[in-house]
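Sequence annotations record features per position, and here TrEMBL assigns transmembrane segment to B:6-25, B:37-57, B:69-91, B:98-115, B:140-161, B:195-218, B:224-240, B:247-269, B:275-295.
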């Protein structure tokens, strides 16, 4: 039972981790808690769904997985659309506010409003019923230790690791990555280096939008797509980002895994009906004990 | 015409209840710069306290205490303030966006507790039969009497808070909001001031929740969802934070838009398409708020008592 | 004097429109010249530097670099136009490695970055040794060196240094000043804010004393060092430009 | 500053009055007759609310095609409560005060129904005929006289569901079912009744796991339920969560001996889970699907929407709208109290049996006009409001065959009453 809970915790934690990276980048570079970020996951998941619906499915299932090869194309569509939506939301909403010198709290509130709009646009277009990329149910495989895992979930884990490697490379070995890290640490100095902060901000939206789309699609793959899916994940995402320390990508990943683990293991001591409260308790404990997060500077 | 009048009375009553909570938020945010994203949690505490003290015994444990209305209202405020004190002691040193996250989480946790602590809250069944003041009056008179109570409470809260923010303490509070370091250097105990403002600001939220419970006569966890926090914030932003009259005006305008847009959907959208109307309504409200932030950042009224404009534009230059 | 490299005329600048801190300053810096900008606290020295690099509001006047107007240019364009700016504090990226700091410094000219980094390592061998260390791991003097090397990555014609010797030991300060002289010898104009009047003037060709947002003294470093008006200016007494 | 405040306040007021004026124009004194409806169209309950609203509209169209009430067509005034009680109460207040509707139908959420009964309809003396609110709190309020008799519902209380679940499980020989139930008033009330019912019918619940709505994933809950090692799963869940739970349960190797709640009786659910995993599944619902009355509704629904009427609340909302319309026809005047009393008169056991559909409604409207007594037997089969406005109705057990929902068994009103006695409700 415990082994199963641990595995489940890691698997849910992987998707939370992906989303939390987007949040932590936002906190570090955009300098506000983007409450609308989770909606980018929803947008990404549904954009991929649109591609799947247009194609008429994901193609014949690949090996043990529930979906066909077209899902990769759909995912690419989702990444592009979401990155565009993210940049557009910056151009239309956040950049004018930044220009005016609005504080982070005005930005947070604007992100609340934007979240409302995005969520309901998705709802208006797709309706409220849950959607799936593939309606195939796949049977869990039994691993040693009486642990049951679905092949899709293992793939999700693998994709998460790949995405992390790609992100690490992007941040450490590209001009954009350098600009983003410089702006995150010290915006005035970055400007003195002829780095345009607006450009770094634009790339942050693109990268975090794409990560959100990936997280949303993977979530849709292993659970389901719903217009409120992002909103329901908001608290775990922020908890993971805060736990890891703002701006720390390894921190966000470990934070995500910890939140997933804690949620799942909590049922050993608490009734399941309190499970959803657990991320909040972790967050509060973190604020009390380590306000800068586990990996904060 | 009587019907419209009756609806107007209802509308003003509900808007007044919201305005009371908005005034509390204005003290926390408008005057001391604390981002409370869990307003609805404090309203829930007030409502459940009032309900537990006045409702007859039901379910397994709840109720049967039969407190008088006024005593229960005061108790609801006191309990909310106490809870706010406990929360504030934990969160007061957090930077603002963390405070927003913490309070957002607290409201979610309070909602879970309301749903799960069946012995006190009735769980999902909620608490029914809550004491309604003036319940013996005929409907329209009940409406008018309750309006008088709500408006009276609103006026009292407004006057008290106006006095408070104009006192030396209130001026010091704004100084803290503008520049914590400078205020601390001037010898103000910053944490203590912020904590006091947080607790005093929470009390009207509890009162608002309690009056809501008294008005409807029933509370359940579904009354206190995160969207309500968003609504209260919208009221403050639209009205103009840092201005108590603005907070009240904003409450009326936003609640009017919120309920009116539903009516407009009924009137102009064909019935067949009305199921989409709700989504359109939410989209319009979201757009309105964002537009307000962009084009009229100080709200309808803005802050009256001028503070140093220096910091704001400094931020503009740096960004 | 030939045509100055930097020419500031009647500059009014500050953080807020209604509250100018630089209140009508005119001064110039020539190529290969080191100019020390002196003055009491709050005189507007740092603000003047930030105005040149486009980091504060400019309400009036002009700032020309080789005839190009800088007023109204965002910082990153001013840097690209030939300004190198080293702020007083937080002047290196502590979370980036030394090499990444230099790479960031050369952001505007990616093609030449490799060559510039090699040059920087040649000029400051210490940086080459610590290329993989984080900026945060350097000592104060090393940070100052890194900050200057970083500012040189774009091959600026004018280098702005805000208190390069602050917090350094006298020995470390001397090393920094020596580096500054070497840079100027290569043809770069240097404008540096200094608290330490004596050491600052010793390292400079010319000194300018700023009081309440305007230059009140401007002259060769050697003669200014002995000028009796200098201490009075620092005490806030009324002095008149020579 | 003062002036600005006054201006803004005045314009806010003006906006409201303008809205009201617009409404007043539409509100002709007699025709059409307005019928209020409050249904969640967005928010968490939006997925089940939308088809409910469509079906309510269908009922109104049927009534109008049958000639309308007192010679007037009915106009349904629909408001979205978004699942928020504050907005539900506001909608009710608006419908009652401004639109002057003499009755309200729909109302899905229990919390919303209770708030509206508590704050609006009882004091305004306007009957509310809810299609879907199942909370026992409303029964208690009725018993305490706090609804003034103005609250009715066409959906049976949780006990009917509990009996149906128990019958479906024990019929199939399940002795130790595990229960996963939604953690709200409805779910916990149903669980209590279910424990009793299954105990009486010869089984014992192996364990019950509550779940909170709208969680991103239910893996933990499913794993806990799996650990209880029951011989079947009784799933009391709403549509979206239900699909997630059933999918996770099956893919984690849970038994396919499923007993599903009525909210999962939909083609959406079957296609979300996959028919091949549901061959052993059974489900329950409160509607009776045999007989002329039900066929009449099904035919009418299919003619309009080109699909079978499967899904929660469809039959009950149709009945709530039609029975209210008939009561309006029966009542001497279109006032709330008269309609409240007439709601029971159109269920006269000695009356002429009348059924759904344009033809059926036409007959009943004419019979009432002619002064004859009628007994409306609805889309849910025969039902009667008891003293609390509740109904004890028949129930059915369904299963999935070739990807289609088919009826397996009907528990008619007599059997249901007998089972209630046996269980000791």
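Placement of Cβ uses the backbone N, Cα and C atoms for every residue, glycine included.
Beyond its flanks by at least six residues, the transmembrane segment (B:247-269) meets 11-12, 14-16, 18-19, 22-23, 25-26, 30, 154, 158, 231, 234-241, 276-278, 280-281, 284-285, 288, 299-301 of its own chain at Cβ-Cβ distances under 8 Å. With a threshold of 8 Å between CB atoms, the same-chain residues lying at least 6 positions outside the transmembrane segment (B:224-240) that come near it are 18-19, 21-22, 25-26, 29-30, 37-41, 43-44, 47, 104, 107-108, 110-111, 114, 209, 246-251, 253-255, 258, 285, 289, 292-293, 298-303. Same-chain residues lying 6+ beyond the ends of the transmembrane segment (B:275-295) with a Cβ under 8 Å from its Cβ atoms: 234, 237-238, 257-258, 261-262, 265-266, 269. Sequence-distant contacts of the transmembrane segment (B:140-161) (same chain, at least 6 residues past either end, Cβ-Cβ under 8 Å): 2, 6, 9-10, 12-13, 16-17, 19-20, 23-24, 26-27, 132-134, 204, 207, 211, 215, 244-245, 248.
Beyond its flanks by at least six residues, the transmembrane segment (B:37-57) meets 21, 24-25, 63-67, 69, 71-73, 75-77, 79-80, 83-84, 99-111, 114, 120-121, 127-131, 202, 205-210, 212-214, 219, 221, 223-226, 228-229, 232-233 of its own chain at Cβ-Cβ distances under 8 Å.
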